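Asks: Checked Swiss-Prot, it gives:
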type	residues	note
TRANSMEM	1-21	transmembrane segment
CARBOHYD	N35	N-linked glycosylation site
CARBOHYD	N43	N-linked glycosylation site
TRANSMEM	67-87	transmembrane segment
TRANSMEM	95-115	transmembrane segment
TRANSMEM	137-157	transmembrane segment
Amino acid sequence: MLVLLAAIFVVHIATCVMLFVSTIANVWVVSDSINASVGLWRNCTSGDCSGGLSYGHEDALKAVQAFMILSIIFSVISLIIFVFQLFTMEKGNRFFLSGATMLVCWLCVLIGASIYTHRYANGDSNTFDRSHHGYSFILAWICFCFSFVVGVLYLVLRKK
């Protein structure tokens, strides 16, 4: 049981770190023809990330930014709640609050990544002729899977 809790804790920390990286890094879509990438915040060309996004004023992008930031917040809150429950909760109880908070994080990642996929990652809306998904986009979807698994495991596990 202790090994399982430690493994879940490590995956939860990895999820928090990957959420930070995927939200902050400007590599959601990468151009195949030129050395350029686009993120949630900036457009990077040849290593220079000083240019803003041409569609930065759109509500869909602002929603993606908001949901990704909310997912980070809920993931960190869930981690703090888990550590608190680990030391204060009576034996035999389940980690309901940690699990519920992590599932809210999962929902925020789902909404944010889905909006970005629909609006910007299909190739029609970005400024590149040929492009592919960057590591930030892929990390966001990996965090989607991890946060769901961690949230469900928190709901199922009991403290022994």
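Residue 1 is the first one shown; counting continues down the chain.
Positions of Cβ are set from backbone N, Cα and C atoms, glycine also.
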Asks: Six or more residues beyond either end and a Cβ under 8 Å away: which residues meet both conditions relative to the transmembrane segment (1-21)?
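Replies: Tertiary neighbours of the transmembrane segment (1-21) are 68, 71-72, 75-76, 78-79, 82, 86, 102, 105, 109, 136, 139-140, 142-143, 146-147, 149-150, 153-154, 157, 160.
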Asks: Can you tell which of N35, N43 has the most other C-beta atoms within 10 Å, given these are the glycosylation sites?
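Replies: Buried the deepest by this measure is N43.
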Asks: Expressed to the nearest Å, what is the distance separating N43 (N-linked glycosylation site) and N35 (N-linked glycosylation site) at their Cα atoms?
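Replies: Checking the Cα atoms of N43 (N-linked glycosylation site) and N35 (N-linked glycosylation site) gives a distance of 11 Å.
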Asks: Name the secondary structure element type, per DSSP in three states, that contains N43 (N-linked glycosylation site).
Replies: strand
